[in-house]
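Below is one structure, written out as structure tokens; comments come after it.
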Amino acid sequence: MEEANQTSFVAYFRLRGLSVNQKVQVAVFSMFLIFYVLTLIGNILIVITIIYDRRLHTPMYFFLSNLSFIDVCHSTVTVPKMLIDTWSEKKLISFDTCVTQMFFLHLFACTEIFLLTVMAYDRYVAICKPLQYMIVMNWKVCVLLAVALWTGGTIHSVALTSLTIKLPYCGPDEIDSFFCDVPQVIKLACTDTHVIEILIVSNSGLISVVCFVVLVVSYAVILVSLRQQISEGRRKALSTCAAHLTVVTLFLGHCIFIYSRPSTSLPEDKVVSVFFTAVTPLLNPIIYTLRNEDMKSALNKLTGRKDRKEEK
């Protein structure tokens, strides 16, 4: 085995994909293509709307535009490759491409986790300390928080990717998924990965669990504070918090499920990964626009609907 490790190297991995049934693959391709196109349109439209409408130039929408940008990038890391592989029998991915996919996958995923935490803090200040909001969440603080969360995501991704690259890969070469992720890839290493698995759980798993606990506590404090506010303000705040909490549950639920346990394959992994890579990025613009009157008003203004109504 030691001699094989020194003389053999896996240049390509084979992705098993979601199904080997041709009819199922056609259905999967159609569904994912629709999801991806809608994800791009929805999230890009949110970013353009926030930039276009000066009324949305606030910390909350600044972070929301970051979330939409991350969702576009996060979905693009995995879905296009999966769509191409649907029509390919071999479903090959080079080692370098696999590593690149893992790096950007964890960069955007970890950055989004930190961003959701920052957005919860933003809502806490806005609802619990409204008179101090523009002092606490000034633009300098917002930019610093944005830089910090992107830096944290980069450090996390570099750490995990570095651990994966250093392992020897001499076969097998089949990844039981439709994209490269650290837990699935390290199982193919020709060495004991027990220590690496512990590091992954203590890194990704700990980040996910800690951020989830912080978010739940934050929203619990917000809900208690809302009991003391007038009904109209409470309704609007509850709507915003409900949207945030929905996104948090969908996104962090996957991270906790995948990264808070050893690298063992479960039948549910692929289903959870589909929600993580394709469904959640699509739901974000739907959740934030349908439950947000300011966004709907700005979208109507951007598309010219408001002007047409006034002319009539």
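Backbone N, Cα and C atoms are what each Cβ position is placed from, and that goes for glycine too.
Automated prediction, rather than curation, is the source of TrEMBL annotations.
Copied from TrEMBL, the annotated features are:
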{"type": "DOMAIN", "residues": "42-288", "note": "domain 'G-protein coupled receptors family 1 profile'"}
{"type": "TRANSMEM", "residues": "26-52", "note": "transmembrane segment"}
{"type": "TRANSMEM", "residues": "61-83", "note": "transmembrane segment"}
{"type": "TRANSMEM", "residues": "103-121", "note": "transmembrane segment"}
{"type": "TRANSMEM", "residues": "133-153", "note": "transmembrane segment"}
{"type": "TRANSMEM", "residues": "206-226", "note": "transmembrane segment"}
{"type": "TRANSMEM", "residues": "238-259", "note": "transmembrane segment"}
{"type": "TRANSMEM", "residues": "271-290", "note": "transmembrane segment"}
Whole-number mean of pLDDT values that fall within the domain 'G-protein coupled receptors family 1 profile' (42-288): 84
The transmembrane segment (26-52) in contact with the transmembrane segment (238-259), cutoff 8 A, at least 3 CB pairs, sep 6+: no
Leading stretch by Cβ pairs under 8 Å, where the reference is the transmembrane segment (61-83) and the options are 103-121, 133-153, 238-259, 271-290: 103-121
